[in-house]
Ligand SMILES: NC(=O)C1=CN([C@@H]2O[C@H](COP(=O)(O)OP(=O)(O)OC[C@H]3O[C@@H](n4cnc5c(N)ncnc54)[C@H](O)[C@@H]3O)[C@@H](O)[C@H]2O)C=CC1
Ligand SMILES: O=C([O-])CC(=O)C(=O)O
């Protein structure tokens, strides 16, 4: 650490599920400064279940062995309260995956048992400026559960990750148009991080030209939207394991955009609490086009949705409502 950085108080970054696949791809990038920038020392707090603490210790040994100048320390715990004490950035990655024969109610119940206590622990002990990103699936509803158990933390601080879907959409559109991803602006992922999501290019431009002038409607409906929405399943099918490095990359992008702000001529996508915009019921955590001023997200206002877009967004929101009703019926919120 430079003498100047050494005088700064490190940011506490808590990662749950730290010994998992995404954790292994994520921790090294956080410790190298890619999450919070080259001037912010970080103290990592790793939360795992007791049986995975040893594996997290192994990852911590490797983090030590990288001799990252910005890494001010690593704490490893299986105690949820200790994990979020003083946390500035909470990355909630660990979740209960769906296993064969598991009903959705069982999945939501198991995740409620994880995200309700984590929300309560964030409420009890996190720093006043805490920023929360939920990656573990079902990400939107897990974020909703956690936020519901943190009444003293503004709900706006709880976000769910749809940046991976956004990045997937950028990559698909760039490949189709033969342009670079950084020439694309104003793509949006709407709704749930699930196969019902709506990847929307109706407002996107590619090197200044409307995307809808460059690709035909059949490609959008039959290839672009399903490819992006089902990419997670395609990766699992090909790799034999779910997206990990790309998910970790998207988590880094999400937090980095949150703290650095969006460029003036673009927006990104994130699952944020609805204020009722675009007819999404208030309080649901849904993906929207968002900008950040470096502190908080704002939903991009006043976009016109055509009938097809409206129907696609409504279908995904209906799924979010169903998930909310299910967690309410289970007494999880
Ligand atoms: N939002 C998104 O775009 C994406 C979300 N995901 C989701 O991210 C989650 C993690 O994925 P992977 O790292 O591949 O899974 P993984 O199974 O490799 O790791 C999960 C880790 O979480 C830990 N864990 C379970 N319960 C915990 C608890 N209560 N507290 C702390 N740790 C706990 C497990 O011990 C395990 O080490 C999954 O739910 C996956 O579906 C994955 C890719 C993209
Ligand atoms: O489907 C999964 O389990 C992983 C996931 O969320 C994704 O890759 O988008």
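Using the three backbone atoms N, Cα and C, a Cβ is placed for every residue, glycine included.
Source: prediction; values computed, not measured.
Features as listed in TrEMBL:
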- 193: active site, proton acceptor (ACT_SITE)
- 17, 18, 19, 20, 21, 22, 23, 111, 118, 135, 136, 137: NAD(+) binding site (BINDING)
- 98, 104, 137, 168: substrate binding site (BINDING)
- 13-151: domain 'Lactate/malate dehydrogenase N-terminal' (DOMAIN)
- 162-327: domain 'Lactate/malate dehydrogenase C-terminal' (DOMAIN)
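Feature map: TrEMBL annotations on the structure.
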| residue | record | Cβ neighbours (10 Å) |
| --- | --- | --- |
| 17 | NAD(+) binding site | 23 |
| 19 | NAD(+) binding site | 24 |
| 21 | NAD(+) binding site | 16 |
| 23 | NAD(+) binding site | 26 |
| 98 | substrate binding site | 15 |
| 118 | NAD(+) binding site | 27 |
| 136 | NAD(+) binding site | 25 |
| 137 | substrate binding site | 20 |
| 168 | substrate binding site | 23 |
| 193 | active site, proton acceptor | 31 |
By Cα-Cα distance, the member of recorded positions 98, 104, 137, 168, 193 nearest residue 118 (NAD(+) binding site): 137
Nonlocal neighbours by CB distance (under 8 Å) for residue 104 (substrate binding site), same chain, sequence gap 6 or more: 326
Arithmetic mean of per-residue pLDDT over the domain 'Lactate/malate dehydrogenase N-terminal' (13-151): 96
Distance-selected binding-site residues near ligand 2 (C-beta under 6 Å), from 17, 19, 137: 137
Longest CA-CA distance among 98, 104, 137, 168, per record bound to substrate, angstrom: 26
Where the C-beta lies under 6 angstroms from ligand 1, the matching binding-site residues among 98, 104, 118, 136, 168: 136
The domain 'Lactate/malate dehydrogenase N-terminal' (13-151): DSSP-derived helix, strand, coil residue counts: 63 helix, 25 strand, 51 coil
